[in-house]
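J.: This is the structure, below, for whatever I ask next.
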Amino acid sequence: MAVDRVTPTAHTYSAAISAAARGRSMTKAMAMLAAMRRTGVQPDLITYSSLISACAKARSWERALELLEEARKDGLTPNLYTYTTAMSACSKGGQYERALELLHEMRDTGITPDNTAYSVAIDACEKSGRWQTALQLLEDMRIAGLAPEEGKN
């Protein structure tokens, strides 16, 4: 019995990239992006978000920002998840100012931060000793009608 050749789609590649990210294998995730491009499959926003997530886990904030820019060059508009994941990569990579810049950029593009986005920004403030900015972000959350999430024990 002959088996038809199955051609991976952007969705298929994105799932594999996400699995590599969960396994903390940024090298494999980036190799899959290269394979996508070689085969002519156009990365979508899910692909880029999965790659940026892999960068966050690897603390590779520079590559995360490069991927954010690549997504834009491909005509894609970052969404709440994409921005939040890039913020997380910056925060984990010690780039707290850049994480906060992304929060502002998100707002400037009309995306309303959610609890997770604010939590990532507040975490960045905590790591950099910017307690006044953290308190302002808590106030911004209150004004936006969001309540800080309770810690998980």
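Any Cβ shown, glycine's included, is placed from N, Cα and C.
According to TrEMBL, the protein has these features:
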DOMAIN    19-143  domain 'PROP1-like PPR'
REPEAT    9-43  repeat 'PPR'
REPEAT    44-78  repeat 'PPR'
REPEAT    79-113  repeat 'PPR'
REPEAT    114-148  repeat 'PPR'
J.: Would you mind splitting the domain 'PROP1-like PPR' (19-143) into helix, strand and coil residue counts from DSSP?
T.: 96 helix, 0 strand, 29 coil
J.: Take the repeat 'PPR' (9-43) and average the pLDDT across it for me.
T.: 88
